[in-house]
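Participant: Straight from TrEMBL, here's the annotation block:
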- S233: active site, charge relay system (ACT_SITE)
- D327: active site, charge relay system (ACT_SITE)
- H361: active site, charge relay system (ACT_SITE)
- 205-412: domain 'BAAT/Acyl-CoA thioester hydrolase C-terminal' (DOMAIN)
Amino acid sequence: TAPAVRFSPAARSLFDEPLGIAVRGLGPRQPVTLRASVRDEAGERFEATARYEAEESGELDLSRSPALPGGSFSGLEPMGLLWALQPQKPFWCMVKRDVQTPLRLLLEVFEGHGPPLGRLLAEAQHERIFLQDGVQRVPVREGRIRATLFLPPGEAPFPGIIDIHGLEGGLFEHRASLLANHGFATLALAYYRYEDLPQNPTEFHLEYFEEAVNYMLQHPQVKRSKLGLLGYSKGGELCLAMAAFLKNITAVASINSPVAVTAIPLCYKDKIIPSIPAHEERATVKQSNVFDCSDVFDDPFQVPGHQSLIPVEKIEANLLFIAGQDDNLIQSEYFAIETCKRLQAQGKNNFQILSYPGTGHYFDPPFFPLNAIGRHPILLKRTILGGELKAFSKAQVQAWPKIQAFFNKYLNEK
């Protein structure tokens, strides 16, 4: 029989779920190279390769066959061809804007170990989807709110989460859509650089976020009086501020976030929290005109008066801090530890920290490719975000179910 690729599930799978990959019909102990590739919405190609040897039976199953040295990874890594995908265009980051369309994975099987790649023996495509059947995607234009609500299939009401992204602005739906597959009514909230929202605000107003909280708590398909917040980077900072000042916030998961206001001051009623000063002159140039911006911000815990710090002592919600130990943009692990010390000094134990080695600032759900170098949102320079491919991929896979378990625990409590 001719070699053939077998996926499990066969035709399509959720983007954040494992995918079984096998090749049948090879010769006994036949050496082959597997290449996985996807194109993002901009048409940019991401790929990974791995070298294998078939079993005596002529079957190759990535769940039991280790990859040999010489490819993008080695060892027993059933999902290696997905987590090791890297852009062919330098410094390119995969962004998934339209969650209603799948990403198409192409898997090719080549003879031998090359280079160059040998004869093509087999190929197959597989769809990685963001919305399972029954998930509703509802654009939200209520009052000032610009957002998208994802509602799970099944019996309402559902535990509710507001999902807020970082300082790049715009509306990101990928994480919220994936959470809806796991049973959460999730609002992906834009807060600037989107439609008629401000393009270059000089301050953010917490009242806007309060409007989103009230929208969710009044929604007939969302559980009342308890709301979760999930924020990454600047979004996590905003989530902590929301929990400090607003009611009915029960659980907050903060990913690689400052605990002080950065870049743009935050206002609520008659209070203004100024942003920590950023010192562009402290950015140092590394190779290829990439900057190290790890020392750009003052330490908010050492600044006299702590004026930029979010008053975390006021937070009654349960807190989950997720920190990359190699975060080169924000000292997220240090911030999380110092914050928890402050809470502990107040007699509180409403916090936990998940800290991941080899993990930089960029942190998305499982199987999004590593983005170790990105554009600094304030200085607009190409900057080191940190992270190492294998460690980062493991952190994504480990943290994702823990985030869900955290929200399930505190949002479904009677």
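Yeah, the Cβs are placed from backbone N, Cα and C, and that goes for glycine too.
Buried or exposed, and what's around them? Tell me for each listed feature.
Facilitator: Within 10 Å of the C-beta of S233 (active site, charge relay system) we count 26 further C-beta atoms, all protein chains included.
Applying an 8 A CB threshold to same-chain residues 6+ apart, the list for D327 (active site, charge relay system) reads N256, E333, T359, G360, H361, L385, G386.
Taking the domain 'BAAT/Acyl-CoA thioester hydrolase C-terminal' (205-412) as a whole, pLDDT averages 94 in the prediction.
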